[in-house]
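**Student:** A single structure is presented below for examination.
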Amino acid sequence: MAKRLLVAYGLWALGGPLGLHHIYLGRDSHALLWMLTLGGFGGGWLWDFWHIPGWVAAANGAGAPGDRGGTVPALSPLRLAGQVTVGMYFGLVAALGLPWVPAVLAQPLAVGLGVQLVSSVGDQTAEAPSVLAAAFLASLLFQGRVLAVLPASLAASIVAQRHRRYKPRGMPRPRLAARLYHLGLACLAFAAPLACRGLCGAAGVLGTLLALPRAAAELLLLPLRAGRLLAEVLGFVGGSPARECGTGFEPSQRQQRAYEVLGLPSGACAEDVHRSYRELVKVWHPDHNRHQAEEAERRFIELQEAYEELGGPRR
C-alpha cells in the first residue's frame, strides 16, 4: 500500500518522539531507537521533519537504487556521533538498572547493542558480532568500571563504521502485528530493569516517610528524657520503682544467695534489705554469742557480704 506524505507528517506531529512515523514507513530500527531515546533526545525528532518526504518516496519505491554490487556506504560523521552517544546511554542505563549483574557483562553488552541499533537505522547495518566483541574488549581493559562506557562505545562505533554495509534488498517484510510484537519486547527488555529499580527506590522512600512521624516524636521527647536522666544522676529525682525495689530485673546467683542470707524474698526493696540487715546483725554479733563464737563470726561475715552485695552500693 502506498504511503502518504500527509499521514507521515501527522504521525510525526502526534507521536514523533515514539517513532510512529517510522513504523508507518517501515523503518523499525529507527522507530525502536526513537522509542528508547524519546525521539533522539528530542533533537532527532525535529531533524526528521526535513527528511520525511525522502523516506516516503523510498517507502513507495521511488528513486530506489539498483544493485549496489557490494559497495560500502559513505562514512557519516552524524551516524558515528549517534553511535557513540547511544552506546554510552545504553551502558549507563545498564549500570543503573542492572546493579546485580557483573559490570563486565551488562555494560559492554548494552553498549554494543546501542551501537548496533544506530548502525541498523535506514538502509545500512553492521556486523553485530564484531561490534559486541569490540565493546567487551574495551570494557575488560577498564575492568568493567562505569567510566568504561565511553571507551567501549568509541571502540564499538569505530568497528561498526569499519564493517558498515548496505542491507540486502528484496527481503520479505513481516506483518504489522509481528513488527509491533518485536518492538514491544525490545522496549520491555529496556524498561523493565529501570522500572524495577524505580519501584525499589520508591519503596525505600515510602518506608522513610512512614518512619518520619515516629522519629519526630522521639526527637520531641528527647529533651524531656535527657532532663529526667540528668535529674536522676544529680539525685533530685529518685529512680523508678522497678529499679529501686529490684523488681525490674532478674537477680544473679550472688544476689539470690544474698537475699537468702538476709531472709528476704528475691527482689526485695532497699528498705527491707537495710532493716533485715540491722536486725540480723544484732542477733549474730560475736559479742552477743560468745558461747558459739565460730558460728556467730561466720554468720556475721555472711551478713556483711550479703549487705554489701545488695545494699552497699546504694548506701
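Using the three backbone atoms N, Cα and C, a Cβ is placed for every residue, glycine included.
Whatever TrEMBL says is automated annotation, not expert-curated.
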**Student:** TrEMBL tags one of 7-25, 178-196 as transmembrane segment - which one?
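**Tutor:** In TrEMBL, residues 7-25 carry the label transmembrane segment.
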**Student:** At a C-beta cut-off of under 8 Å, are there same-chain residues at least 6 beyond the transmembrane segment (7-25) that contact it? List them, or none.
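**Tutor:** Those are 31-35, 38-39, 42, 45, 48-49, 52, 55-56, 59, 179-180, 183, in sequence order.
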**Student:** Averaged over the whole of the domain 'J' (257-315), what is the pLDDT?
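**Tutor:** Overall, the domain 'J' (257-315) comes to a mean pLDDT of 80.
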**Student:** Residue list, the transmembrane segment (131-155) vs rest of chain: Cβ under 8 Å, 6 or more residues beyond ends.
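**Tutor:** That would be 83-85, 87-88, 91-92, 95, 102-105, 107-109, 111-116, 119, 163.
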